[in-house]
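The following features are taken from TrEMBL:
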DOMAIN    53-153  domain 'Cytochrome c'
SIGNAL    1-30  signal peptide
TRANSMEM  231-249  transmembrane segment
Amino acid sequence: MVACAAARSVRGVRLVLAGVLLLAAPGLAAADSKPGAPPAWSFNGPLGHFDLESVQRGYAVYAAVCSACHGLEQVHFSDLAGMGLKVEDIQALSAARQIADGLDAQGRVQRRPARPDDRILSPYVSPAAARAANGGVVPPDLSRIVMVRPGGASRIYSLLTGYAPNAQWQDDRGFRNPYGINNFTAMPPPLHDGGVQYADGTAPTATQQARDVTTFLAWISAPHQDERRRLGVGAGLYLCFLAALFMILTRRIWSHVRK
Ligand code: HEC
């Protein structure tokens, strides 16, 4: 009888939740349809957490697109294990990347497949080479970009999705983008529908890629954030428990004095 009532009430809660989600859905869709409007990030807020599947898809976008111009020099391939990958996955990921490895006898840059303990280097051998290839601007390192640039994850998402369709380089100023510094950026629009293949079958629209790569960049900027939050919640509960115990004991100990 009690079990039955409990089951009914669980079903009731589910129905109410489904109703709330249905009511909220058009609002979410409307927020998404505005060009450059960032989604609600799961990793924001005191109890936020990273969606590790999105983080992994985001690395796929970084590896296929962004790594042509940007490095993650404070990150070792082995650090990517925190995305929920196994040792073999890390070995495969690193071996798929070629990194510069000194000069040969003729002074040409030699390259070799990366190893898990290598850093994720910039593809350019020097800042001068990076500048020459990017209209006079060095593409910034992305290791901590979400932490160090004002606006954080949301501005990066907006920048990636905020280009006008068929944006063109305009005389020495760059590509028009309302989220760039002075409304311009030297970065060509990097994301296009179907520009990457996702192993998990998610449709690789440009907006989905922007969402995933931004989630990846937020995670790589603070890979231990989820653990810290879990520890914080645990410590808070423990302190509440201790406070309750302390109150009970104090009452017990002093009870005969009050009589
Ligand atoms: C063809 C080279 C190229 C590719 C590919 C590229 N970028 Fe960039 N990116 C640049 C350049 C150049 C800048 C510097 C822009 C400036 O300062 O005007 C830049 C700047 C940035 C910035 C800093 C922007 C700011 O205003 O704070 C972020 C974030 C960024 N890129 C992310 C990405 C991501 C994510 C990808 C992959 C989806 C990517 N980039 C792909 C060249 C590139």
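Just so you know, glycine gets a Cβ as well, placed from its N, Cα and C.
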DSSP-derived helix, strand and coil totals, residue by residue, for the domain 'Cytochrome c' (53-153): 44 helix, 18 strand, 39 coil
Mean per-residue pLDDT computed across the domain 'Cytochrome c' (53-153): 94
